[in-house]
Amino acid sequence: MESLLGFLALLLLWGAVAEGPAKKVLTLEGDLVLGGLFPVHQKGGPAEECGPVNEHRGIQRLEAMLFALDRINRDPHLLPGVRLGAHILDSCSKDTHALEQALDFVRASLSRGADGSRHICPDGSYATHSDAPTAVTGVIGGSYSDVSIQVANLLRLFQIPQISYASTSAKLSDKSRYDYFARTVPPDFFQAKAMAEILRFFNWTYVSTVASEGDYGETGIEAFELEARARNICVATSEKVGRAMSRAAFEGVVRALLQKPSARVAVLFTRSEDARELLAATQRLNASFTWVASDGWGALESVVAGSERAAEGAITIELASYPISDFASYFQSLDPWNNSRNPWFREFWEERFHCSFRQRDCAAHSLRAVPFEQESKIMFVVNAVYAMAHALHNMHRALCPNTTHLCDAMRPVNGRRLYKDFVLNVKFDAPFRPADTDDEVRFDRFGDGIGRYNIFTYLRAGSGRYRYQKVGYWAEGLTLDTSFIPWASPSAGPLPASRCSEPCLQNEVKSVQPGEVCCWLCIPCQPYEYRLDEFTCADCGLGYWPNASLTGCFELPQEYIRWGDAWAVGPVTIACLGALATLFVLGVFVRHNATPVVKASGRELCYILLGGVFLCYCMTFVFIAKPSTAVCTLRRLGLGTAFSVCYSALLTKTNRIARIFGGAREGAQRPRFISPASQVAICLALISGQLLIVAAWLVVEAPGTGKETAPERREVVTLRCNHRDASMLGSLAYNVLLIALCTLYAFKTRKCPENFNEAKFIGFTMYTTCIIWLAFLPIFYVTSSDYRVQTTTMCVSVSLSGSVVLGCLFAPKLHIILFQPQKNVVSHRAPTSRFGSAAPRASANLGQGSGSQFVPTVCNGREVVDSTTSSL
């Protein structure tokens, strides 16, 4: 199989040599020869292989290899007694041309087997070649990833180790395909990771990408998109730039980027020449982007020359390196007369100084007289040459321990063993490194260098000049100093935005379509919801409310009326005044307990009635107090009881009057159960009915407190008694019955003469009470959603009910007692009853305990008896 591959390669070689024109080759004699592959020329157009001379990536890198070889050959400690030679070719920045050139590296191997043995012809003789070159021990190069991939596929067939100084495609880490390839630079996925971290650092989540055709751009942008997706960064549009695109085609790429106005950041994974053309097209179209560019752009002045305005604000990445001052001195000392070994140097000299050797006007120029910019990967070229030299040095020590020259074990060098045992295991301090730099050259198990990057921004300096400014680095993590970035400084205002959708507010969540992570609609959470995550609102639950940051919930404080609230001040003031007034009336009645007015009023029922009124006022304090089990029990017990005390006394009083006047139709016989003791007993019996109802209510629905939240006002948690408002109605139903009966009796006695005013006052009291209750009950149930209004309504209504009784029944009596004492005497009118002597007898009987006597009068068209205190 290997002989067949060698034969096919030989045919390809002979065909290329026979048909191709003479080519330039840099050859240095040596005991061991290292191949070199550099983009001395830029890629040409459709009609030519090669373009103009590439000063930085071509000439400088090539001279860096020669510089390193000179130093190694003069080093007595590195390969002593062994001289390294070189066989350097021009790739013209094209993979196809590089593959043709690389056939030179394998020509010497075509006459030997993979293990170094010579091929035997069918007739038994050894194969010979008239111009067979010295065998290449290893190759330094190439620059571009697609070039290295093509060359690596060829070199692996002949087990020739290859160390690249600039190829960063992640494909080259695949040791199953590129098992003789190593590099002093890291693969692109480290760079892609650094670029993705930069985007996430500035919160750029929606970007466009541009990649150069070929392995460098395509695999690089694939690695970037993978890292971007892991960080929820989306790509709005992806564009490619080709090798032979026109200016109009580059402008078309810029217009395609402009079609995504939300993606203000464009990520470039392009070659330097493609980046240069893209910037020029951007400037021609007067467009503007924030560029994040790979090391293809790096910190090269040639990329931004003439397009400074379009490049301003760009963030670029470059492999971490340092300039080699010795190389700068070496390169600036070169001229066409002392550097004749480089066959391309005269061509470079002519283009650099715009002179011609034919006209003999090039001698006056010097590289020392012009600005010098050391290409960023010079360090990696030198490290690659030194890595190969150290590997050969270690191999020589292992295989040729007793000689400083090459022994038979290294004639020829076994490429497989050189790569597997020595190149991959090499480790040494980087040559020419600054004293304060800790830089070690070594390879990982994939043959890759260690990933370290410098990060630059391109900014306008003083006097309108532009320059690159280092703003950070990446070494397994991002470190940025934004103070050097003009648009990222605090005084520059908000950062440039590059996102599909604006960030949602604190109380909003994202609503995205399946598969989308960067474009969304913002949906507000309900006031009672918190943000479970950026996509979900979650209900806090009744009694809880989201915190200020909407990251969780807290338990709402329990609301209840406090003594200092405005809702409490009014009812409490009314209740205090009413209670004082009640106590005042009670005191007056006790003081004048034996007077006719007090006696005629029915002293016992009056005191019971005053007790009920006082309870009504006291209920305000019970309802304003903080709900507790004891308070809730008092509310149930006290409200209905206070009313029942009042209305039981009034019902007993009106019933007595009605029975007294109703009995006149059958004679002046004294009605039953109208004595004070009977009246008190009847009143207490009526009150006990209410107490039984309340007791049953307390048993069926045990008192306690509970938290209540209205659906329309979930932010308010009310501490309330646990009874239902409907059950309150059942408790008050009994009092409604008492009021109805009182009102009925008051209505029946409405036509009693003016000299019997007690019935009229009771009637007026009951009519007013009915109005209050008719207004109170609807208001109480309608305002159930607002505990403050409901409680205040309850307190005021109860106090009004007591005030009506106090004002309508006791105020007239109080007026006579205090201001008209002359009327507070017994009247001695003569009886005029048609019942004759019966009246005095009845009067005597009815007057017991009340000091009154019956006198005939007319009520509802009938003759009835009247109290002696008729003026009440």
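Cβ coordinates come from backbone N, Cα and C, glycine included.
Keep in mind the model is a prediction, meaning the values are calculated, not measured.
Taken from Swiss-Prot, the feature signal peptide applies to 1-18.
On its own chain, CYS92 (disulfide bond) has PRO39, VAL40, HIS41, GLN42, LYS43, GLY44, GLU49, CYS50, GLY51, ALA98 as residues at least 6 apart in sequence with a Cβ closer than 8 Å to its own Cβ. Annotation comment: Swiss-Prot describes CYS50-CYS92 (among others) as disulfide bond.
Taken from Swiss-Prot, the feature L-glutamate binding site covers ARG57, ARG61, SER145, ALA166, THR168, ASP295, LYS377. The number of other CB atoms found within 10 A of the CB of THR168 (L-glutamate binding site), across every protein chain shown, is 32.
DSSP gives CYS234 (disulfide bond) a strand state. Listed in sequence order, THR205, TYR206, VAL207, ALA228, CYS500, GLU516, VAL517, CYS518, CYS519 are the same-chain residues at least 6 apart in sequence whose CB falls under 8 Å from the CB of CYS234 (disulfide bond). Residues or ranges marked as disulfide bond in Swiss-Prot: CYS234-CYS518 (among others).
Annotation source Swiss-Prot lists disulfide bond at CYS355-CYS362 (among others), citing similarity to another entry. DSSP gives CYS355 (disulfide bond) a coil state; it is part of no helix or strand. Counting Cβ atoms from all protein chains shown, CYS355 (disulfide bond) has 16 others lying within 10 Å of its own Cβ.
Residues annotated as disulfide bond in Swiss-Prot: CYS400-CYS407 (among others). Of all Cβ atoms in the shown protein chains, 18 besides its own fall within 10 Å of the Cβ of CYS400 (disulfide bond). DSSP assigns CYS400 (disulfide bond) to coil in the three-state reduction, outside any helix or strand.
CYS500 (disulfide bond) has a Cβ environment of 17 other Cβ atoms inside 10 Å. Among the features that Swiss-Prot reports, disulfide bond is placed at CYS500-CYS519 (among others).
Secondary structure at CYS504 (disulfide bond), as computed by DSSP, is coil. Cβ neighbour count for CYS504 (disulfide bond): 19 (other Cβ atoms within 10 Å of its Cβ, all protein chains included). Sequence annotations record features per position, and here Swiss-Prot assigns disulfide bond to CYS504-CYS522 (among others) based on similarity to another entry.
Summarising the annotation, Swiss-Prot assigns disulfide bond to CYS525-CYS537 (among others). In sequence order, VAL509, ILE523, CYS525, GLN526, GLU529, TYR530, ARG531 constitute the residues six or more apart from CYS537 (disulfide bond) in its chain with CB-CB distances below 8 Å.
The disulfide bond annotation in Swiss-Prot covers CYS540-CYS553 (among others). For the recorded site, CYS540 (disulfide bond), the DSSP three-state label reads coil. Other Cβ atoms within 10 Å of the Cβ of CYS540 (disulfide bond), summed over all protein chains shown, number 21.
What Swiss-Prot lists as transmembrane segment is 568-590 (among others). Panel annotation: around the transmembrane segment (568-590), residues 561-562, 598, 603, 606-607, 610, 613-614, 616-621, 623-624, 792, 795-796, 799, 802-803, 806, 810, 814, 817-818 of the same chain, lying at least six beyond its termini, place a Cβ under 8 Å from a Cβ of the stretch.
What Swiss-Prot lists as topological domain 'Cytoplasmic' is 591-604 (among others), and the listing cites sequence analysis. For the topological domain 'Cytoplasmic' (591-604), DSSP puts the residue distribution at 8 helix, 0 strand, 6 coil.
Sequence annotations record features per position, and here Swiss-Prot assigns transmembrane segment to 605-625 (among others).
There are 22 other CB atoms within 10 A of the CB of CYS632 (disulfide bond), with all protein chains counted. The disulfide bond annotation in Swiss-Prot covers CYS632-CYS721 (among others).
Away from its own ends, the transmembrane segment (637-655) comes close to residues 602, 605-606, 608-609, 611-613, 615-616, 618-619, 622, 679, 682-684, 686-687, 689-691, 693-694, 698, 728, 731-732, 734-735, 738-739, 741-742, 745-746, 749, 758-759, 762, 765-766, 798, 801-802, 805 of its chain (Cβ-Cβ under 8 Å, at least six residues beyond either end). Swiss-Prot lists 637-655 (among others) with the feature transmembrane segment, giving sequence analysis as the kind of evidence.
Residues annotated as topological domain 'Cytoplasmic' in Swiss-Prot: 656-679 (among others).
Ranking the recorded positions CYS50, ALA166, CYS362, CYS522 by how many other Cβ atoms lie within 10 angstroms of each Cβ puts CYS522 at the bottom. Within the same chain, residues 604-605, 608, 633, 636-637, 640-641, 643-645, 648-649, 651-652, 655, 673, 723, 727, 730-731, 734-735, 738 sit at least 6 positions outside the transmembrane segment (680-700) and bring their C-beta atoms closer than 8 Å to a C-beta of that stretch. Take the transmembrane segment (605-625) and the stretches 726-747, 761-783, 794-819: counting Cβ pairs under 8 Å, 794-819 has the most. Within the chain carrying the transmembrane segment (726-747), a Cβ under 8 angstroms from the stretch's Cβ atoms is held by residues 636, 639-640, 643-644, 647-648, 650-651, 654-655, 657-658, 686, 689-690, 693-694, 697, 701, 759, 762-763, 765-767, 769-770, 773, 777, all 6 or more beyond its ends. Other Cβ atoms within 10 Å of the Cβ of LYS377 (L-glutamate binding site) number 25 in total over all chains. Applying DSSP to the region 'Important for interaction with HTR2A' (677-685) sorts its residues as follows: 9 helix, 0 strand, 0 coil. For ARG61 (L-glutamate binding site), other Cβ atoms within 10 Å of its Cβ number 26.
Of all the disulfide-bonded residues given, namely CYS407, CYS525, CYS553, the one with the smallest number of surrounding CB atoms inside 10 A is CYS407.
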